[in-house]
């Protein structure tokens, strides 16, 4: 779901061989939706700090195994890009997922996914503020639809302080990812797998002191087979496979087309949460989910028109 990986992709979709890239984009969004459901399901077994550390330590190993030869070849190029890689690991991996898992400990997976799924809208607003120019009316309509959808989906108004804290964590996670999406781009002279490996390694090292203190103070549950498979899912399908599939898909299909697949994440997460966790889906929430998906598409299509005008 990252705009960061969109920045290096071509705008124009490839006219041939589109089926496999599309399938990869769908699988990536499905894996990210599954991350919310699995993270919610693990809330009683591991606290958010432990969960985030496990995810990125497993992902670091996975990225290295996926591209160890290229990573070793490009390692001398890491140092000139270290500042950007540090921001990517701190903001887009460690910080973002730590806040997401804190939110999942307090809110249903469907609500957290809808809030975080508003990232493209937030990025659009931030870009407009930076340029000191209002977005086009169609984009403003999409933003309004998305915000209305979030209000319909989230049910914290009648809940307690914990739900409001969860909403705050989800909103901060969205802002963290939005900042990462705007400020962090692919590092010069480094392949995607190398960039992701170093960011993942940085995030793991940042989390290590807190993880060690947490385990010493509160202990840690030794994973059984079921928990081990769930942790493995967070590190491999939801991290390594999803990030690499998404990057390949947007390189072949174009960044704007690829961005529209992100609209599937709230829908997938809500369906999976209902099936796997028994989270209820009311008519009001379904209407809100539809408004979010439509609003995201309206914003992305409006941005596509602006990009065409700017390029033409």
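Even glycines carry a Cβ here, placed using N, Cα and C.
All TrEMBL annotations are machine predictions without curation.
Listed features, source TrEMBL:
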{"type": "DOMAIN", "residues": "24-153", "note": "domain 'EamA'"}
{"type": "DOMAIN", "residues": "166-300", "note": "domain 'EamA'"}
{"type": "TRANSMEM", "residues": "53-71", "note": "transmembrane segment"}
{"type": "TRANSMEM", "residues": "83-99", "note": "transmembrane segment"}
{"type": "TRANSMEM", "residues": "105-126", "note": "transmembrane segment"}
{"type": "TRANSMEM", "residues": "138-158", "note": "transmembrane segment"}
{"type": "TRANSMEM", "residues": "164-180", "note": "transmembrane segment"}
{"type": "TRANSMEM", "residues": "192-213", "note": "transmembrane segment"}
{"type": "TRANSMEM", "residues": "225-246", "note": "transmembrane segment"}
{"type": "TRANSMEM", "residues": "258-277", "note": "transmembrane segment"}
{"type": "TRANSMEM", "residues": "283-302", "note": "transmembrane segment"}
Distant-in-sequence neighbours of the transmembrane segment (83-99), which means Cβ under 8 A and at least six residues beyond its ends: 2, 4, 48-49, 52, 55-56, 169-170, 172-173, 176-177, 179-181, 183-185, 187, 195, 198-204, 206-207
Chain residues outside the transmembrane segment (53-71) and at least six past its termini with a C-beta under 8 angstroms from it: 46, 93-94, 97, 191, 193-194, 196-197, 200-201, 203-204, 207-208, 210-211, 231-232, 234-236, 238-240, 244
Secondary structure content, the domain 'EamA' (24-153) (per DSSP, counts of residues): 112 helix, 0 strand, 18 coil
Arithmetic mean of per-residue pLDDT over the domain 'EamA' (166-300): 85
